[in-house]
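TrEMBL has this to say about the protein:
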- 99-325: domain 'TRPM SLOG' (DOMAIN)
- 529-548: transmembrane segment (TRANSMEM)
- 560-577: transmembrane segment (TRANSMEM)
- 598-624: transmembrane segment (TRANSMEM)
- 644-663: transmembrane segment (TRANSMEM)
- 675-692: transmembrane segment (TRANSMEM)
- 744-769: transmembrane segment (TRANSMEM)
- 827-846: region 'Disordered' (REGION)
- 834-846: compositional bias 'Low complexity' (COMPBIAS)
Amino acid sequence: MTTNEYQLDLFTGTSKNDWTNAIHEKLNIRRRTCTTFIPEKISTNDHISRNDVRCGCNRLYREHSWDIIDGDESKWDRIQHTKSAYNNAYGYIPNTRTHYIRCDIETEPNILAQFMLDTWQIKPPRLIMCIIGGAKYFKLNERLEREFIKGIIQVALKADGWIVTNGFKTGVVQLVGEAIHDHKVTNPRSHITAIGCSKWGATKNRESLILKKSSVNQSSVHLSKKEKGQQDLEPNHTHFILLDDGTYYGYEMGDYRTRLVNEISKYNDTNVPVVTIVVEGGPDTLSTIYNDLCMGIPVVLIDGSGRVPNLFASFLNQTAAMVKRDEKNNNDSTIWEKIIDIENSEILREFFHRYEDEIRHGLKDISKGSKITEEKIDTLLKYFLFCLQPTIRRKIQIFSLDSDRDLDDTIFEAIIQAKKKKGLQTEAGLNREQLLQLALAWDAIEIAKEHIIKDDLSDLSLQAKEKLFFEALILDRPQFIHVFIKLKLNDHGINYSDNYMWRSTKYSKSYLTYLRHLKHFHESPIVKYSYNSASYIIFLLLFSYYLLFNFEIPTDEIPSIHWTEIFVILMVTTMLFEEIRQFLCQENRTMIGKLSNYFITNQFHTAILVLSYLLFYIGLILRFTNTYSEEAFSAAKIVLAYDLEIWFIRSFVFLGIAQNLGPKLVMIRRMVTDLFFFTYIILIAMIAYGVVSRSMYNFNNETFPFDGQSIFQNIAYPTYYLMYGNIDGELADLDREQGSSASIATHILLAFHMLFVNILLINLLIAMFRRHSKTAQTKTFKMIGANRNVDREWSEFESYATNQYVRSLLTNQPLSIATLVPSKEQQLSSDMTNNNQQFQSNNSQSDTKLLADEVTSVKKVIADLRTHAEEVKHNRIINDRISRFVFFFIV
């Protein structure tokens, strides 16, 4: 069945498994359309066709429904001039098979929740994670981007969570989509549910999503160019809710996404936790944060991502001491136990009056590039102050790269704090059980003990306790099991222990700590590098030993091979299996893609790699087959000897990451590439002189038969060594017939040959080598690019070191010691400067305690800068030790 035929079944309701009955009859999910054409502005140009004038809904006249009427009103209104209509867009997106449905923005969220969970049958989540923020001009530094991607993927996998975004392929949502794609490539069996809550009118090529009453060819669907106010749907999402408010373009959806996830979290009384993660973002992001906090949804801000998160992080830190002091000194503490609505924002403005001008200035900064009025700034100020009040700010968590916690732990902390605010201690056991299940998935024992368990699980039912205990066993959570046993989670067990000598003693904890440190030591990059280097050196020594002293033809006296040869065969075979594993574990999913990436991307390295294994096994076959004579057996030794030479050359890979030797290897490789092309010129000159000279003074010589060995012996070899200045033999042959015309002509030819080859060509080759040396040296320490598309722009030293050795050896380990050091120092310096300026501007308005708080903040930034400087110094020491270690093996 074709895609369009399937869509036809969905539209006509002939498929047994379609959604038509649920959409049109059971749930009555409709779309919204404009009913009244009111021009956006009246043009005075009579030559403009009416069909080219846009309505207040941003549609052209011809794009309206068939029952359109002309309105007399001067201003278009969405509520008055739109109505719901029969839904004609739902099904699967053809290329990605992603579920989608168009729905009226006035649809009750509980209806969509029922449709998603019952009709679409999406697996119910244990966590809903909303990601909002930057849509354009969005950029994170490499380390923050890596931590963000790792955090959201881990959370989605640990908690069987949903990822909810605006669904458009831009900004932070595009980053999330790429992270999901990369995870699917490396883990094809893993599934992440990503739902895009998008606006129908802003979706590019939305006409192709409308169901047709008759089958049409897929090629006939017109794919239009992206216009202003339109965006592509992010292709790695699994479901799309396309909200239709009757207008085209624009991205405004109000608080519908907030209300939708809130309904999903409460569906069937499941009470699923919801959390919002904010990455960058402007005024619309601030409005969304306000809506989520009003709904009780905790918010995690990614500090350092820009604009809104940075502004919040700054003022949350600045006002923290003041809020605590006021709560402590205020006799009527109940004022901070209630939520002050923005309708009573004067109370908040009075309390935060000393920061109002700074906040207003910050709001204008984050709104640059947007057409925003002073009235809108006032509204944003109310939203911002609402979020700063003590009751609300407890629901906000800040993730920073300088903190000790990972992003997934910060998200879990935000969920727990939000539940705690609602009265976790008195809630029903179901909620505590749910949170404990999340804690088990996260393996967050400390947070669980502090906020959930609290040395008491008596309110949980027996079935819940057993379920938690067995889940801890299945997930291998020994710390949780220890706590559960201590709290007598199952008091009906048999209390018996074997009192043997080998049972756990008081030294077990220190012993486990020692084993853990030992494991970390052996998994560290420098130790893994040392093991690989040492094992390769042992391999070369054994290979060399048995070729020199124990490579003999099997006889009656020596019927078997030496143990060193067996060991070498095993080592080469295991290395071959590792190469096959790396080939199969590439990101490319198709075999053609794997072959192209492996053999074409780096042809020089792959050629040496394949040749080393090929010659080894060919030599091994000859070693056991050509045993009938010494002459035949020597063929095996010749092949293996050449193979050993290649294995020695491959050992250069261990020097690739050394700061002093790595660039030299790049120079050698580029010089060898040029030498191959240069050899062609040398070969022509050699053959030309050899043939011409022998034709003149050694013509028809009986000692010069016409066969391959004689040609190489009399033409190729002598002329080749002329390049190194070895001309004594050539002159002796010419002087045998002194005075002859052939001898004189050959002398002249030899002089020209020496001038052309030894002076001109050799110096040209040296100049080419010098150019490559300078080029490689200048490109050695460029920053490694994060995007695979700019791989060709890296310096060859970086590509050689990271792609060919380090990435295969140190999986999931940092690839660059000095990554982002300059940008981080500049950022800290900028933060310190900004804090100093804020300190000076508020000096006249602050009391003594506030001044102390500001000084403490400045000292903290300086301390962070010093800490970072120490880290840089430590990393440089590690780099020097690696270089010394490499030199040690060379010596």
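Cβ coordinates come from backbone N, Cα and C, glycine included.
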Notebook entry, point to check: Same-chain Cβ contacts of the transmembrane segment (675-692) under 8 Å, 6 or more residues past its ends?
Noted result: 715-716, 718-720, 722-723, 749-750, 753, 756-757, 761, 765, 768
Margin query: Can you tell me which parts of the same chain pack against the transmembrane segment (744-769), counting only residues 6+ beyond its ends and a CB-CB cutoff under 8 A?
Written below: 667, 671, 674-675, 678, 681-682, 685-686, 689, 692-693, 696-697, 722-723, 725, 727, 730, 734
Next item on the list: Six or more residues out from either end of the transmembrane segment (598-624), which same-chain residues have a Cβ under 8 Å from its Cβ atoms?
Entry: 551, 569, 572, 576, 579, 583, 586, 633, 635-637, 639-640, 642-643, 646-647, 649-650, 669, 673, 803-804
Item checked: Within the predicted model, mean pLDDT of the domain 'TRPM SLOG' (99-325) -> 87
